[in-house]
Protein chains: 2
Amino acid sequence: MAQTNPLPVPTGPWKSVRSRGRENRQPPLCHPPVLEWLRSSLRMAPLPRELISAGITVYDQENFQGKRMEFTSACPNIMECNFDNIRSLKVECGAWVGYEHTGFCGQQFTLERGEYPRWDAWSGSNAYHIERLMSFRPICSANHKESKITIFEKDNFIGRQWELSDDYPSLQAMGWANNEVGSMKIQCGAWVCYQYPGYRGYQYVLEADHHGGDYKHWREWGSHAQTCQIQSIRRIQQ
Amino acid sequence: MAQTNPLPVPTGPWKSVRSRGRENRQPPLCHPPVLEWLRSSLRMAPLPRELISAGITVYDQENFQGKRMEFTSACPNIMECNFDNIRSLKVECGAWVGYEHTGFCGQQFTLERGEYPRWDAWSGSNAYHIERLMSFRPICSANHKESKITIFEKDNFIGRQWELSDDYPSLQAMGWANNEVGSMKIQCGAWVCYQYPGYRGYQYVLEADHHGGDYKHWREWGSHAQTCQIQSIRRIQQ
């Protein structure tokens, strides 16, 4: 049965009810949570779809079965909503990133609009078999039309560099010398980098509005990063 | 230890030694096999890299270990090269498609330039867990710069249609109504369609020079196709 969204309370720098007491580590959603809170408080009609910039429905069983819950903003811990795990989901609006662990930690899973009936629809790495998705957040800077990233051969923005504004399922096919990238600067939009060609393996979501867009070492790509191996890169859809 | 390539013999419509006695179902490679055969026969120097349009090295163990073999043209049955399976591979040149079974049947795996140390680097669907790669061939029509595909709502090219020339990790995010595509026409290049958003799940490689570019029903997408569910589409890199 559908449950209502755990709505964010618009006090101070917008913090979710669910994230109260812990640092909200992603940029605030500007309008939709406030509008949704007003709508809910005043018992108004549902928000027009065009005013909602992000929407996701999660289920505790595969194939969109079991308990379900809708969100329009970040959820740092699905257990606080009485879920033991997320086993299927639908992205209705915007681009999201899911995480293996609570608090936006562990493996990252890019989630764009569409249906994900099982964990393997979002998981990118079978070598490190993960069937847990415990937190998620919208990717505010995702912008398919204008995206720009510069990749560097070495860490600290040193060595050969290459500016990209398109999707590259094989960096080596486009002339990059090897299977590694030392550091990256995101000038515009949000990107996802993958361990293997063809958008497979570990995923790293990198955004213009995180770290000022600067990722000077592979350790900054995510808590699950273990090497600087990257073989494909693409823009994240909004 | 490196072994020599099982070279195609340029007789009739170019057929590989390995495919003699069975129908060669993919378009012939035009120049490289002939050049390579001449080079080998006349004990000439290795071919200049720019004359080779496709090259792949396969290994019978993970992490590029064990027996290895290099190819510049299609291999319909890796067992005829005394491999029981392929467990890692490197694509040095061109774009390829690998198959679960011999004779270019079963699940399809898009292979672009780069390194694939384990089966999960190329496999797209964990739900139908596959650790077999028994045949492969180059994708001759892959052309990243000029690619065009028209997707249709229903089979037989009926219903709403949409012409694409870019990569789409979520068709629904771009306005496509649901998670299905009825039929497709490839006007230019080679494309790979995926069951789930973000280039995950079953892969279907579709080419302008197969079926005249017309795929009028999901059964024509591949012997592994079971439904018309498609949620992301991208060009194949050359």
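The count begins at 1 with the first shown residue.
Cβ atoms here come from the backbone N, Cα and C positions, even for glycine.
Going by TrEMBL, these are the annotated features:
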type	residues	note
REGION	B:1-27	region 'Disordered'
DOMAIN	B:54-93	domain 'Beta/gamma crystallin 'Greek key''
DOMAIN	B:94-140	domain 'Beta/gamma crystallin 'Greek key''
DOMAIN	B:147-188	domain 'Beta/gamma crystallin 'Greek key''
DOMAIN	B:189-237	domain 'Beta/gamma crystallin 'Greek key''
Secondary structure content, the domain 'Beta/gamma crystallin 'Greek key'' (B:147-188) (per DSSP, counts of residues): 6 helix, 22 strand, 14 coil
Positions on the same chain near the domain 'Beta/gamma crystallin 'Greek key'' (B:147-188), where near means CB under 8 A and six or more residues out: 197-199, 206-208, 213-218, 227-235
Stretch-averaged pLDDT - the domain 'Beta/gamma crystallin 'Greek key'' (B:189-237): 93
DSSP helix/strand/coil residue counts for the domain 'Beta/gamma crystallin 'Greek key'' (B:54-93): 7 helix, 21 strand, 12 coil
Helix, strand and coil totals (DSSP H, G, I; E, B; other) for the domain 'Beta/gamma crystallin 'Greek key'' (B:189-237): 7 helix, 22 strand, 20 coil
